[in-house]
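Worksheet: one structure, shown below.
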Amino acid sequence: MLTDPSQKYRAIAPVDLPDRRWPSRTLRQAPTWLSTDLRDGNQALFEPMNRERKLRLFHELVRIGFKEIEVGFPAASRIDFETVRHLIDEHLIPDDVTPMVMTQLRADLITETVKSVAGARRVIVHFYNAIAPAWREIVFGMSVPQIITLVEDHIALFRRLTAVHPETEWILQYSPETFCMAELEVSLEVCNAAIRAWDAGPRRRMIINLPTTVEVSTPNVFADQIEWMDRRLERREHLILSVHPHNDRGTAVACAEQAMLAGAQRVEGCLFGNGERSGNVDVVTLALNLYTQGIAPGLDFSDIAALARVAEECTALPIHPRHPYVGDLVFTAFSGSHQDAIAKGFAAQRPDAPWRVPYLPIDPTDLGRTYDSIVRVNSQSGKGGIAFLLQRDHHITMPRRMQVEFSAIVQALADASETELTSEHLWDVFERTYLAPVQASPDFSDRTSLAPALEQRRFIYRSHCLHPHPDGERIVLELADTEGNVRTVEGSGNGPIAATVAALGLALRIDSYEERSLGVGVGADAQALAIVEAALPTVPGSRFGVGRHENITTASIMAVLSAASRFAGEEQGKG
């Protein structure tokens, strides 16, 4: 790094806006949301989504309440083109949802884009071109008048192409790409030229979208830029002013919030901040920030864990455990003073009163999460190395949510025994909890041995046979109960796990599955570990189950039995 970075980098000039009004305003309603997960988010993936994953994510975006969804860049990708046509031809877009497609200012691309959405009930077509000095001068070699002519000519072409499709309501969106780095006078001149070329009016809707293509300033500077434009755009009453913040400086959410104060009516972003480089603005965080201020966001995150699973599976990108609102650790307090404040807050919180629990800006149950692991003990009490010791000494690598669950079990035992738990003690607890599941509320009063507290179990595996079946596979499963009685159950499903669930006759939902090598044994003696996370509709939260066997299919079946046993034990304990 340079000792004097000013020799290499220049600060963005402040906006001359001495009478700025946005700092004294208060947010009172949610913006119009556009999800760009299927376009901006998709193009930033190691492996872009195929049509199946794009359709799955599209339906999830509709489910949580997005009314505008950017479905792709059809002129640049055959998969995008086919996906867009499939959505339209199969009538998969609800009447209250508007798709958006993107194109550069090129005649062939605009023609292909119109073809991709012809026949849609209503569609937004998104034009963009870069206008900042570095792009004008270095990349394109164009003057400002040439940029304006480029915009006007291609909007005129778009009007001619869409005139032959009166069955579709055409909405134009124009983005002066690199807006945040361009001269405001140039941005205004180009945007006003686009507004006039489209002839924006009561029956010709138009969106002016102002992006932080690359985030280069503090959020207040961006807010000043938005307010400056908001005051000066022509035909403002017929425009929707939109922003598209990126997160290069880590302040995309703040940029969006302050831009809304400055006049932005619409925000484009991605679930959990996916997108190019450091990502787009995280619409989940932004929406829930509004929610915690008493503003209905218009998006439903009442099962945020399910949404996170879909996003992770479709994008193949993990969500950080510290990610706001959704991370596995965001509702966990390790500090003793935090734990004390939270405990007192819960004790004082009345069901009908405003939320006032310290350190928790939102009630986790509003997001479908539980209170189970909010208060935990860390290394201050000698328990912080649980996951490390299991991995180092026993080759067990637990998923993050399983670490949270298991540490709570260990802490309960440690608190009762008032003794230090060694690595072997931890393994004993792990083995008896997951490999021989116990009933709920075990008695930890006997501090000389763990066995009295952990000896009861259910669904003991004996053997199984798998057979082909029209549904996939059929399992004949032999089980023993705690009395040693043997029984046989059967079920079918699209694989051994689904068949096992069917055989048990429980409304068990498998939320995640992982398989690992234990790193012990060679060849036929090598041990495999299967881990499932399961949920029951009648029981809050989820439970993990583990199976260990040299055959991974058998280990998977045993993992399902483990999870089911833990639920069965808890329900028996309640009875």
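Cβ coordinates come from backbone N, Cα and C, glycine included.
Residues Asp40, His244, His246 are given by Swiss-Prot as Mg(2+) binders; from Asn50, Asn220, Asn280, that same site also lists Asn280.
Looking at His244, His246, the binding-site residues in this record, the fewest other C-beta atoms within 10 angstroms of the C-beta turn up around His246. Between the listed binding-site residues, namely Asp40, Asn280, the fewest other CB atoms within 10 angstroms of a CB are found at Asp40. Taken together, the residues of the domain 'Pyruvate carboxyltransferase' (31-305) have an average pLDDT of 97.
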